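Asks: If you scroll down you'll find the structure; I have some questions about it.
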Amino acid sequence: EIEDEVTGEKHKRVVHACNNNFNLHPVLRQSILQSEYYKELAEFKTFPDIVDEIYNKVTYASPNIPNTRHVSSCFCLLHKLFTIPITYKQLEDLIGHPDSPFLRVVGLLYVRYVIDPKEMWSLFEPHVNDKTEFDPGANGQKRTIGKFIKGLIEDINYFDTVLPRIPVLIQRNMIETLMKHEFRASAIEEKRKQLRKGVKVMATYYADQQEYEAEVMDEGKNGDFWVVFTEYGNEQQTKVEDIRLLDPKGRGDGKDRRSTSRSRSRGRKDGQRSRSRSKGRKDDGGGGIDFSKEVLKRQREAAAAQGGDYARRPTSYKSSLSMPQTTSTTRLKSRSPVRAHGASGGGGGKDGRDSALDGGAPGPYREQRRGDDYFVA
């Protein structure tokens, strides 16, 4: 455990699951260590100092400065973060930092490179629906934090470097859960479009976690909706996912059975169920889709798109004669024969060169190779 310098509280230290290069590509890490900017970071010793430097310096998330071969400040600071002890609390604060999306991006890259894959999803999940936009490559192509996390999970390539591999089963489970999140988010947005003042719904009453008939009153500031429970008159600000639209032929479109001024608990005996209470349970948002099969299908399609057309029927000999052929030859750089004054050859071959190249006794002119050219010694 590490003691927090500000609060004095002790928190669990992050445990790395990586090699000596912090799972970075050896060439990339060597570039970082040789960077003049990284050498200047030696004065930064604490987590708050590095966070402040990330906030001030990082404006893109690529490994190299765009259109150059020089390593970026983002990856220099990421490597510096690898080298100091931090806690899970500090890492979670970094991933959820409100001041700059690049603080969150550096935290997410930290997770992707050195955190045990079994622990990755617990750190990724709270942010998969984050709609904050940023420009990772400084090229005008913006992405949301949620899409960035999806790319870190599904892709092995990151700009011009390679991310460490995630075990197949763990990656598949994360992709499946991510698809469920996307499906639910899409369903919530569709439901939000249908919620308006006066619409009859079934809403979860948070005091007992049960569903009751309700009517939408207004939309709250944070995207939730104010509803009034029509049977009892209680009002509550309710999340969209805790509101269920009624079937046009279902209940809730008639008159209230009780006065709205009546108390929720009035008129009910202990253990008696409300007639307006839903007998079913809320849908988990899956919509009946087999996400595991969908993940396998997408992975097969992605693998087929990257591979060759192996199912294509082989071309016959006669058909191949009319097809354009791409021919290429590899040959040594052409050169003019070099003769010395008065040389008559020796050691076999023409003026002694062939024997030198073929491994025979060298003549007076022996050719040696330097790069792609030949010179006479």
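Quick reminder: no glycine exception, Cβ is built from N, Cα and C everywhere.
Annotations per TrEMBL:
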| type | residues | note |
| --- | --- | --- |
| COMPBIAS | 240-259 | compositional bias 'Basic and acidic residues' |
| COMPBIAS | 281-301 | compositional bias 'Basic and acidic residues' |
| COMPBIAS | 316-331 | compositional bias 'Polar residues' |
| COMPBIAS | 366-377 | compositional bias 'Basic and acidic residues' |
| DOMAIN | 194-253 | domain 'Tudor' |
| REGION | 240-377 | region 'Disordered' |
Asks: Mind looking up the mean pLDDT for the domain 'Tudor' (194-253) in the predicted model?
Replies: 86
Asks: Please count the residues of the domain 'Tudor' (194-253) that DSSP assigns to helix (H, G, I), strand (E, B) and coil.
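Replies: DSSP composition of the domain 'Tudor' (194-253): 4 helix, 28 strand, 28 coil.
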